[in-house]
Each structure stands twice: as structure tokens, then as C-alpha cells.
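Student: Residues or ranges marked as active site in TrEMBL: Cys78. Marked as active site, proton donor by TrEMBL: Cys78. Feature annotation from TrEMBL assigns active site, proton acceptor to Cys230. What TrEMBL lists as substrate binding site is Asn17, Gln49, Asn69, Gly79, Asn80, Asn170, Asn203, Glu221, Arg222, Gly231, Ser232.
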Amino acid sequence: MSALSNHRFLKMNGLGNEITVLDLRGSLHVVSSAEARAIAADSRSRFDQLMVLHDPVSPGTDAYLRIYNTDGTESGACGNGTRCVAWAMLADPIMSRPVHEGLVLETKAGLLPVTRVSDTVFTVDMGPPRLSWNEIPLRDPYPDTRAIAVDTHIPEHPELQSPSAVGMGNPHAIFWVENAQAYDLTAVGPKFEHDPVFPERANISFAEVVSPDHVVLRVWERGAGATRACGSAACATLVAGARKGLTGRKAKISLPGGDLLIEWRESDDHVLMTGETQLEHEGFFVPALFAGAA
Ligand SMILES: N[C@H](CCC[C@H](N)C(=O)O)C(=O)O
């Protein structure tokens, strides 16, 4: 029987980005790719990202997070999911521990300090953007001048040229477009996600600049598809927009699921993301879910 059978989970969302939170602190079990896909396939626990809490690794941190996409692959960052985890660690009657408000979470990509703004609103310090080609990563070297403009290789879409590339603990490509609604994400997204210029694939964004402090964004996520919001994409977009002179260092990013406030702080180069979280329901994994999932 799987260690996850009958285990409790929370189904949450961050601006409609579907998040399932699973607390494995105190257990050595690591969710396999097949288990993640099985959890995603069930309508009660369906997710764009599965956020799994493990015991803290680095001194001074409160939990180590593993983040899974719908297809079972792992990511180093998920802004919307990190806010949901913070809510669970501070407010869920079972997951919360003796409360202190300044949480520090850790992923394979680094540290994520979180502060609570109100009951359901949190600010995540997503750290500094990764702007060199080998950190994003890109296949080929690019000089690090303005927002890196990448040469993509999708001949069917000649109108989509030279997206900006930014790493936020995961790889992002941002196309600057006149109308973000004009693109069929399902048709275009997967092609660019798998463009060979991105050796670890990429999250693909379509950004429409309304004003220097307001951008409309739609995102095709690596490993998860079109989602209603993507926090790290909003951060990557603000960074790339500021570097290109299209935005200031602080802007509202409007996604289909709602707005995020993003600030690229001058003093320490960190990107701060503020937004809502919502609890939908709790549940328990039925053992049959994992039949056949190693
Ligand atoms: N939805 C997430 C990002 C998921 C990124 C994931 N699709 C990947 O890079 O593999 C967010 O709010 O930041």
C-alpha cells in the first residue's frame, strides 16, 4: 500500500492556479512522478502544481518544498503555490504549528521568505532573477545586456519573435504582444515550451503592456498547460519589462484568475510577489488512487 493512501491533502488555489498541498513532514516518503500524476488525475485533488512539505533542510528554514507539475515533472519554484503553503502552515488547523508569521521555505532553487499581509494575502520573496543564459537555462550563450531576447525556432509562428528569457527558479520566456488574448495558448504554448533553445523547456507567457505599472498576462506552463495564473511568470515578466524599459520596477500583473502585485526591489535585486490564496476543500487520498503508481 502506498505511504500516501488515506493521507490528508488541501485543495487550494492562488488566483485560480490550482494547487494541492500535501504535508509529508515527519515522513521520509518522496512523491514519485507516477504518484503525482495519479493525484492530478483525480477530480478532488486535481492540480496545476502539487506542493509537498518536507522537514526543513537548511538551518533557519521552516520546511523544504518539492513542487510537481501535472505531468509529474518537478519545478524549483511556484509563486502561487508558495502562498498557499504559507496559508496552510499558519492557518490550517492540522498543518499549522506554533505560529510565527515570518516563514522561510526552501526549494531546490533556493530560499523563499514569506510574509503575511492579511488573512489570505501573502508576499513571497522570490529571490533575485537569474539572467545569465546558463542559469535560465538557454542552450546557447547570450550576452547579458537588456532582457535577453532569444532566437526561437518555430517556423509556423513567424509573428512571434525573440521572447525575453528570465529564470525565477524555473525557466520563463515572455513574448511582448499587442493583445494577449489573441493567441491560442494550447496551439502555440507547447511548441515554444519544447523549443530546443530551452534545454529544460520553459513556461511561455504572452504579455500586453497596458501602462508602465500594468501588464496583462496569459501563461502556458511547462508541464501543466494553460493555467489561470502563474506567479513566477508574473515575476519574470516584470523583470524583463523593467529591463526593456517597458515597465517600472513595480506593476500590477493581471492574469485570467486575478491580479498580482510584483516589485523588483532595487536595494537587493529580489522580486516580491503579493497576492491572494483560497482554500477550496480538504480530502484524503483513497488507496485505489495509487494502484499501479510506484
Ligand atoms: N504556477 C507556478 C509556476 C509553475 C512553474 C512550472 N510550470 C514549471 O516551471 O515547471 C507559479 O505560480 O509560479
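Yeah, the Cβs are placed from backbone N, Cα and C, and that goes for glycine too.
Computed from a predicted structure; not experimentally measured.
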Student: Any idea what the Cα distance is from Asn80 (substrate binding site) over to the residue listed as 'active site, proton acceptor', rounded to a whole Å?
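Tutor: Asn80 (substrate binding site) and the residue listed as 'active site, proton acceptor' have their Cα atoms 7 Å apart.
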Student: Under 8 Å Cβ-Cβ from Ser232 (substrate binding site), six or more apart in the same chain: what's there?
Tutor: Ala77, Cys78, Gly79, Met126, Met168, Gly169, Asn170, His172, Asn203
Student: Looking at the binding-site residues Asn17, Asn69, Arg222, whose Cα is closest in space to that of the residue listed as 'active site, proton acceptor'?
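Tutor: Nearest by Cα distance to the residue listed as 'active site, proton acceptor': Asn17.
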Student: Which one is it: of the active-site residues Cys78, Cys230, which Cβ has the fewest other Cβ atoms within 10 Å in this structure?
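Tutor: Selected from the active-site residues Cys78, Cys230 on minimum Cβ neighbours within 10 Å: Cys78.
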Student: Within 8 Å of the Cβ centre of Asn17, Gln49, Asn69, Gly79, Asn80, Asn170, Asn203, Glu221, Arg222, Gly231, Ser232, which other residues of the chain have their Cβ, at the recorded substrate site?
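Tutor: So the extra residues in range turn out to be Asp48, Ser75, Ala77, Cys78, Gly81, Val219, Ala224, Thr227, Cys230, Ala233.
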Student: Determine the Cβ neighbour count for Asn203 (substrate binding site): the number of other Cβ atoms within 10 Å of its Cβ.
Tutor: 28
Student: Asn80 (substrate binding site) has how many other Cβ neighbours within 10 Å of its own Cβ?
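Tutor: Excluding its own Cβ, the number within 10 Å is 33.
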Student: With H, G and I counted as helix, E and B as strand and the rest as coil, say where DSSP puts Ser232 (substrate binding site).
Tutor: helix
Student: Please give the substrate site's span as the largest CA-CA distance among Asn17, Gln49, Asn69, Gly79, Asn80, Asn170, Asn203, Glu221, Arg222, Gly231, Ser232, to the nearest whole angstrom.
Tutor: 16
